[in-house]
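Visitor: The structure's right below; bear with me while I get my questions together.
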Amino acid sequence: MRVLGIETSCDESGVAVYDGERGLMAHVLHSQVDAHAVYGGVVPELASRDHIRKLAPLVREALAAADCGPTDIDGVAYTAGPGLVGALLVGASLGRSLAWAWGVPSLGVHHMEGHLLAPLLEDDPPEFPFLALLVSGGHSQLVAVEGLGRYQTVGQSIDDAAGEAFDKTAKLLGLPYPGGPALAELAETGTARFDFPRPLTRKPGLDFSFSGLKTAVAYALQKAEPSPTLKADIARSFEEAVVDTLVLKCRRAIRQTGLRRLVIAGGVGANRRLRRAMAAMCEAQDASLHFPRPEFCTDNGAMIAFAGYCRLRAGEVTPPGISARARWRLDELRPPTAAA
Ligand code: ATP
Ligand code: MG
Ligand code: FE
């Protein structure tokens, strides 16, 4: 089975072709970063309009790169939520229309299920069950994954998501949008001389809280003597605080759940310091660690094509109609069910 996947939940238009036998055949991406950078964040209306402009050419490009025509596609998957509703509807409309025109089934994919399954696109994919840390721009959660569509959130952020904390802190430091990668780069040149909090690590439990960290950064900026290295040192101290916190919670989750495979996905999973620290922790815990390649940590069409393939293959289809959900909890998902 060969599936065309479309991602438009936020500010990235992604299209990919995944084939059950041949694997990922093509993936193309258009990032809207430049369009939103001047506003310091994503402007939903601009995002929708840009998806409209870019999506059809991207589909053509992905099909050409996969060297296949419409008749070679057996199903279409598109992100149906959670995300910006206007942006989602662009992908949903095109996805449903193509499927209807081509006479193939189509399926609305949960964006976070896409992130969660992305590591399965890599060599040596983890088997079920595994523990997943989803750390993206809008989500921070620890999920016990029993199988496809069998997800139990065992911990989550009670305020900001990890990526959101990176972005807001980067803004405080005067770094350009999107802040996460810029902050990580600045941190490379800094020293961790500020002892920022490791929120909720002293209490039991697997929840996260990142909003206090941003406040600690704001205080440090106000109090310290301005110096050329100040921002780099703050960036480094902030990054280490987030990484320490995430590593500690994952170690705790491994011990509590007994799961010996850890998957890290979502944009913050691209962070190099996090990748290194998680690798060391997993080695000490005798657990295996699985990441998507960095470009598949952030939003992309490949993860949607793959998640869609996993469900379409099992016979699941989304009933007719074009709809999208801004909010949609991962725990609401169920294993694929074949259409009657
Ligand atoms: P969600 O998936 O929750 O809907 P999203 O799709 O906006 O949110 P992603 O595309 O998965 O999120 O990830 C983007 C986030 O990842 C941003 O917050 C960005 O700052 C962060 N990010 C990307 N690269 C890095 C990095 N190297 N270090 C830290 N954070 C990073
Ligand atoms: Mg994005
Ligand atoms: Fe995402």
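Cβ coordinates are placed from backbone N, Cα and C, and glycine is handled just like the others.
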Visitor: According to TrEMBL, L134, V135, S136, G137, G138, G180, N271 bind substrate; which one of D123, D124, D167 is annotated to that same site?
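Guide: So the substrate site in TrEMBL includes L134, V135, S136, G137, G138, G180, N271 plus, from the candidates D123, D124, D167, D167.
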Visitor: Given that TrEMBL assigns H111, H115 to the Fe cation site, pick the one from D286, D299 that the record assigns to that site as well.
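Guide: The candidate from D286, D299 that TrEMBL ties to Fe cation along with H111, H115 is D299.
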Visitor: Given a 10 Å Cβ-Cβ cut-off, pick out the one of the binding-site residues S136, N271 that has the most other Cβ atoms nearby.
Guide: N271
Visitor: May I ask which of the binding-site residues V135, G138, D167, N271, D299 have a CB within less than 6 Å of any atom of ligand 1, listed in sequence order?
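Guide: Passing the 6 Å Cβ check against ligand 1: G138, D167, N271, D299.
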Visitor: Please check each of the binding-site residues S136, G138, D299 and report the ones with a CB atom less than 6 Å from an atom of ligand 3, ordered along the sequence.
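Guide: Near ligand 3, sequence order: S136, D299.
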Visitor: How big is the gap, in Å, between the Cα of D167 (substrate binding site) and that of D299 (Fe cation binding site), rounded to a whole number?
Guide: 16
